[in-house]
Structure formats: structure tokens, C-alpha cells
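Undergrad: Below you will find the structure I want to go over with you.
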Amino acid sequence: LICYSQMYNEIIKTCENGETTCYSKTWRDHRGTRLEKGCGCPPVKYDMIVKCCKTDRCGN
């Protein structure tokens, strides 16, 4: 599976160990709105939003 690994959809990462999900996670802190992308589908705290998907380059 190929997932984006940075805020801007320029850098991609090939997931390892049979990972079948990509994610895009957003939250706000003292620096403003933050965005993280990668492989997997991580658990999140109540003030975060995570979107998980299962196709190549789907975490826009």
C-alpha cells in the first residue's frame, strides 16, 4: 500500500508489514491546525479527527 506521509501530497511512503490502511489526522493546538499522514489507522484523542482509507494514495 502507498500512503502520503507529509502535509502536502508530494512525499509518499510504501507501507510495510502487510499494512492495509492509510490515514490523515487533523487537530488544533497553540500553533494552529495540524495535519499528519501515514500508514495505519491510529487511535485518536477526543479533539482529533482521523480519516482512514484502504487504497493507494487515498489519504488526501
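Backbone N, Cα and C atoms are what each Cβ position is placed from, and that goes for glycine too.
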Undergrad: Of the residues Cys39, Cys41, which one does Swiss-Prot pair with Cys52 through a disulfide?
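TA: Recorded partner, per Swiss-Prot: Cys41.
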Undergrad: Would you mind checking which of Cys39, Cys53 shares a disulfide with Cys15 in Swiss-Prot?
TA: Cys39
Undergrad: Could you work out which of the disulfide-bonded residues (Cys22, Cys58) has its C-beta surrounded by the smallest number of other C-beta atoms within 10 A?
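TA: Minimum Cβ neighbour count within 10 Å, taken over the disulfide-bonded residues Cys22, Cys58, occurs at Cys58.
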Undergrad: Look at the disulfide-bonded residues Cys39, Cys41, Cys52, Cys53 and tell me which residue has the greatest number of other C-beta atoms within 10 angstroms of its C-beta.
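TA: Per the Cβ count, the most surrounded site is Cys39.
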Undergrad: Around the C-beta of Cys3 (disulfide bond), how many further C-beta atoms are within 10 angstroms, looking at every protein chain?
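TA: I get 23 for this one.
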Undergrad: Let me check the 10 A CB neighbour count of Cys15 (disulfide bond). How many other CB atoms are there?
TA: 17
